[in-house]
Ligand SMILES: Nc1ncnc2c1ncn2[C@@H]1O[C@H](COP(=O)(O)OP(=O)(O)OP(=O)(O)O)[C@@H](O)[C@H]1O
């Protein structure tokens, strides 16, 4: 909650104004039954018609003021909660983009999505309700009790006797509520994950006729959410009736005791009518308090989940490190890394590249090829060894400055539902000539012959392009900003051999000074690289040029034999 309160602090002034308006409106509203008792017990019995009119007019005025005040205050509270949620959601999104990959893995993407959506919505509702009811409910409750005490102290004691029971209900509901809503949000994370997986894999699911299987998986997560919502809802749904029951029992006792007191001449009927009005006001105030606790339970559970992300340490902050030195553009020096910190996914990897050189990486699936690129982008820090670019240890370079020198195509990279040109530009405001030049190098000439050219709209995830066309648009995106370092992770696998060869020639011609690391499954994609790293189980089993490896590395020669039948 502390984190959410921090966001409310800049709004303290306007919240204070809103609370004053709410306070004035509520106090005026509280006076209405008292005025009614004056009319009934004093003005009417004395036949003073003028007083009846004056008090009646005052009641109308007060009622109007209460309505105007409440509407104005509600509008302010709505605007305040909207603004606070806007900033909170914005900061949360910015923080999510700054999380290290290890943190993303720990939070999981679906959970981050639900924190950004349903959790921020719950906090919005909590801030709104707390402002609307936070002043009104206590004033109505305490003011109502004070006024009933002044009207009829004996009957008020009957009323007060029910309050500890009501307080116990509210306390029980709020403590259990936070726990139940936290569990509901966690179930929602699973539902988001299953939906995401099903949406991403919808084609495979259809192709393999696995619709029923996926539906069963989704139904299971859906049922879990419904079950947890039902449990939370059950608690919240019994709250109002139980409180109603307690209050109605008190009301009955008040009516019976009031009747005896009027009969005995200790009080007047107008006072009892006013007392009953206050009783209803107090009842409503308690209902508001219980509603506030429902919203608080949800909002506090969500606020805690949001705070976990916002307060996560900035793992990717740069820290001064001794200069790594060396002439090389990129250097891996005895680097080891493990995702789960249990067993190494990369062990003792060393290589270096001078500016403009190309490294090819090849190896079986899961051997650690993509992990090398992830470390070079500093998505994770190595557990041992040093990675440096231009002689600087990566841990001393600001992530934004570091990432600006890279052009990257990941495996299964994504395209937006936008124009092809916008997908290549990627919000960098590059001139049209650069987009066209990049597309030429990437062998994406098909763009010019497509209706609309660079302005042609892509479907979500580029679904209206073939696999090879998608890869070429992604390559053009990576090349468009003329990167210092180009990382290609299996990004020409969907190209035919002729186009792949043309791409390699164009890259060598147009990006001479760009240092390139190319992860590939095909030997033909990397055989002309200056050096090739052969990985197996996270270890380097070969490092050298194609010709050297053909002589010295059995694993490499085996791949070559299978792919090209070329043993030299
Ligand atoms: N985010 C992650 N969390 C935990 N383990 C991971 C993660 N990413 C990859 N791994 C594991 O690290 C190892 C190396 O994975 P990596 O993606 O680098 O392999 P790769 O050689 O690129 O495989 P492929 O050719 O299939 O893309 C694998 O055992 C993989 O299961």
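Using the three backbone atoms N, Cα and C, a Cβ is placed for every residue, glycine included.
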**Prompt:** Given the ranges 88-110, 180-202, 203-225, 272-294, which one is assigned the annotation transmembrane segment in TrEMBL?
**Reply:** 272-294
**Fill in**
The residue range that TrEMBL labels transmembrane segment, out of 157-174, 301-318, is 157-174
**Asked** Looking at 12-32, 327-347, which one is transmembrane segment according to TrEMBL?
**Response** 12-32
**Item:** From 114-132, 133-151, the residue range that TrEMBL assigns the feature transmembrane segment
**Value:** 133-151
**Prompt:** Looking only at the domain 'ABC transporter' (330-562), what is the mean pLDDT?
**Reply:** 91
